[in-house]
Every structure is written in C-alpha cells, then in structure tokens.
Amino acid sequence: MSDIALTVSVLALVAVVGLWIGNIKVRGVGFGIGGVLFGGIIVGHFVDQAGVTLSGDMLHFIQEFGLILFVYTIGIQVGPGFFASLRVSGLRLNLFAVLIVIMGGLVTAILHKIFAIPLPVVLGIFSGAVTNTPALGAGQQILRDLGTPVDLVDQMGMSYAMAYPFGICGILLTMWLMRLIFRVNVEAEAQKHESSLANGHSLIQTMNIRVENPNLNNMAIQDVPILNSDKIICSRLKRDDTLMVPSPGTIIQAGDLLHLVGQSTDLHNAQLVIGKEVDTSLSTRGTDLRVERVVVTNEKVLGKRIRDLHFKERYDVVISRLNRAGVELVASSDASLQFGDILNLVGRPASIDAVANVVGNAQQKLQQVQMLPVFIGIGLGVLLGSIPLFVPGFPVALKLGLAGGPLIMALILGRIGSIGKLYWFMPPSANLALRELGIVLFLAVVGLKSGGDFVDTLTQGEGLSWIGYGIFITAIPLITVGLLARIFAKMNYLTLCGMLAGSMTDPPALAFANNLHATSGAAALSYATVYPLVMFLRIITPQLLAVIFWGMG
C-alpha cells in the first residue's frame, strides 16, 4: 500500500474511532467532535508501536486545510450577526466574555512564569483548557514561524489533549456551582428572561393602534414623522370594515386602525403620538389580502435597497418584516437585500405572487452551494492571514495566520452577503458538513501526531502536572466572571450559562445549558451573541502569548 493510501486509511480509522468516542455520553454530556482527538491519540499510539510510517507532508496539508475549512465556515455562519452582536444590546455580554479570555491569558502567563513551563506546552494547555481547537492551530503556526523544532510543536497537541477533558467538564461544573451558590430556580429565570425580551429591544413586535390624535386627521402616512421613519412599518390599515395595504400617500382618518411592526420602544412611542392600542384583530383572514413569506434568491435584486424596488407603488405590496440569518429585522426602506433573506409580504394574492417572482422565491436554490465564492473566500482569507504585521520589539511579525485570516475574511463576506452575482450564503446543512469535515481532519492529525508519546507522558512524565495547570486556566476565569456577572450585573442564570459556554466556544456546554430549560432560548441567544468575538480573540490570544513569552525568554 502506498504512503498516501495508508495515510488516508489511518485517518479514516481515526475519524471512525473518534466519532464513536464522541457519541458516548455520561448524563447527557460527551466529548462530541472532540472525541476525534482522543481517537487520534489511541490510533496514533498503536501506529507508533507498530512502527508504521505515514506521509508527513500529507498529514501537514490535511491538518492545515481542515483548520481553514472549519474557521471559514464558522465565519460565514456567524458573519451576518457578528457586527450586530458588538452593538449596545450585546455589549455587556461581550465585555464579560472578553474578561474571561483576558483572565485565561493572565493565568497562563503566571503559570508559565512561575513553573517555567515550556512555551509549546503552555500554549497547548491554554488551548485545551478553553476547548478551542482553532487556538491550537494558531499557536502551532506561530511557533513554526518562530523557528520552534517540529517535535516541540507537536508537544502542543499532546498538552492540549491533557487539558481538554477538564475544559469540557470545568464549564459544566461552573454552571452547577453557580446554580448551587445562588439557589437558582430555573423556571423563574426562564420567565424573567421572556419578560425582559418582551420589554426590551430584542424582538420585532406588532401593535394595533386606533388613530385618535385630531392633528393626524386627513394627513398622509408619509407626513407623519413616526410612520415615515425606518423604525416602524405600517403594513395594514382598517377603515370601517375594509382592510387595505397602505402606501406612503395613503390619507389616515380619525378612527382608522393601523397595524404597526417594530421594536417595542418604537411602537410605544408611536402609540403616544397616534392614539390608543386596541385588541381588535387586523387579520387578513376572510379578506382579499394575505400574508406570505418569500425568500430572496434572484441574483438581479441582490444588493438593491427595498425602496428602489418600488413594491408598494408597482404591486401594492408591503414588506412588513425581514429575517436575515435567523434575526428578525424591521424592513426599513434603506435595507439592502441579501441572498437567503426571508421577506414577510402583505398584499393581494396575485400581487404577492408577482413580487415573489421578482425576488426569486426558489426554495431549491437555498440547498445549492456556489463553490466559486467558497474558494474565493478561502483564497482571500489565506492571503489576509499571510500579511505580516510588524510590531516594534517583537521577534517576528504577527500574522492572522491560517486560522485568523479565513475567519476574518468570512466574517466580512458573510456580512456583505453578495457582490454582483457572487453570494456567500451557504445552506446550514452544507455549512455544517464542511465545518464538521474540517474539524475532524484537523483533530485526527493532531491526535495522530500526539499519540506516540501520550501514554508515557501521562504515566511517567509531566502529564498530571499539565492537567493541573489546565484546571487553573479553566476554572479561575469562569468562576470569577460567573460570580461577578451574577452578583454585580444581576445576570439571568440561563443567559449567564450561555455566555460562559460561548466564552469557551464549547458546543457540549451549550447543549447542557439548553437542557436546563426545555423551551427557553436564553442560553442559545447569549451564546450566539458572544461567540464570534470570542472565537476571534481565542485565535489571536495564543499568538500574542507566544510572541510575548518568546521575547521574555
């Protein structure tokens, strides 16, 4: 058997063993995709014992390409919501998550200085303790740039594997500890979260208002400032028994019922100006109007603003809401359409069908992957990651590397959505498949390289000490920030659990947090809010630590 065939066969065996290990769960918690690392260690141990030689160049390529696939697909997935998560609504959550990252770096620096832990080992412990695989890849690359011998770079994967198990368990123990210390009633926390959403800025809501302000009588909708803003959409108007789709030029009269869509604060402000909120239904049922959701798939409308498409003037149809990457938005006239956007249309059936034809509404296109943008994005990401950033006093130029470059480029492209006929939308199933493939390839190679010396290091070397260092790096930041967030910020427990899981970019921890309450989405929401920024910082942190420690040493 050729070296290439043998290498591929061994990698396939690693993936099978590792995924089987990952599926084993104890009390609902398992290693998940991280099991591939341990599958690689097991197979690597026996491969080393048997004296089998694998293709080093091929393993190196597969490891790096797997990492690129993984971080690129993550960036494409979270890109549309990344910049929104940095705004005020998620600022507090992101600040606490950043504090966890910074504290983890400080604890790592202190341990490195006090116990003189070798640089590759301490970076591996750091990456494993925070359960972040791209951090491992970024750390290994910067070590190679610094001229570290290959055998020492491979030690990083071994120390990563030592610290990884408690990284998984430590965050779950922290969630349990917070619940115990503060005697949390999970059901009550879920209800509080739902109440805060209803009163906050997080959800798009509707309100039916009767026009009672005499100053608005016989005024056009476009002449009423609160209705002519991009914060409120008036999607239906009922006069006597007639329900209609209003246009900017529609004259409103006292007694008209307006169906408004927007965020709760803006709706409340509109109600103060217009009149009184009423419970009267403005349903399209039994009328010649209907409400339908259509998806944007036509390349000709990508990047165009809603106002430039003139749907109201041409078809008598109003876009009441816009759903992008799972986030409900007010369909402001300045909003540009992106591939995969879901539009909530209100109008007559024939008119809605006409608008659906304009925007595409081809559901099958959502299941197709444009491969050209994928490779353009990966290529640009690798180029971005290769740009050297010279910092005075540092021995080598900093780079975003093969982990950071594709991630940043994917975040940007995911946010842009499309350029001409190229669109960076990727069906969730395809994104997940590429992401899982990438991380399996990466972890399989890391495990194989670490497996030869793993058992000896654990039983006869410093393996137990590495595990102890990892416990400190995992536990101190999580417990400290958890206490601060709960005591001083009065953070909701479910939100706190999601934030802690997101700060460790740890899907098993998110699964555990989601299972705390069957119906609440609090944990998933806070996880998604902090995940993009934390992932970026987790990739940059080991590079900064490596360069700083190298300069100090």
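Every residue gets a Cβ built from N, Cα and C, even glycine.
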Expected hit for transmembrane segment in Swiss-Prot across 28-48, 343-363 is 28-48
Of the listed stretches 28-48, 158-178, 493-513, 533-553, the one with the highest count of C-beta pairs below 8 angstroms to the transmembrane segment (464-484) is 158-178
Across the domain 'RCK C-terminal 1' (192-276), the model's average pLDDT, rounded to a whole number, is 85
Counting only residues at least 6 beyond its ends, the same-chain positions whose CB falls under 8 A of a CB in the transmembrane segment (28-48) are 10, 13-22, 54, 131, 133, 160-161, 164-165, 168-169, 172, 436, 439-440, 443-455, 507-508, 511-512, 515
Counting Cβ pairs closer than 8 Å to the transmembrane segment (4-24), the top stretch among 393-413, 437-457, 493-513, 533-553 is 437-457
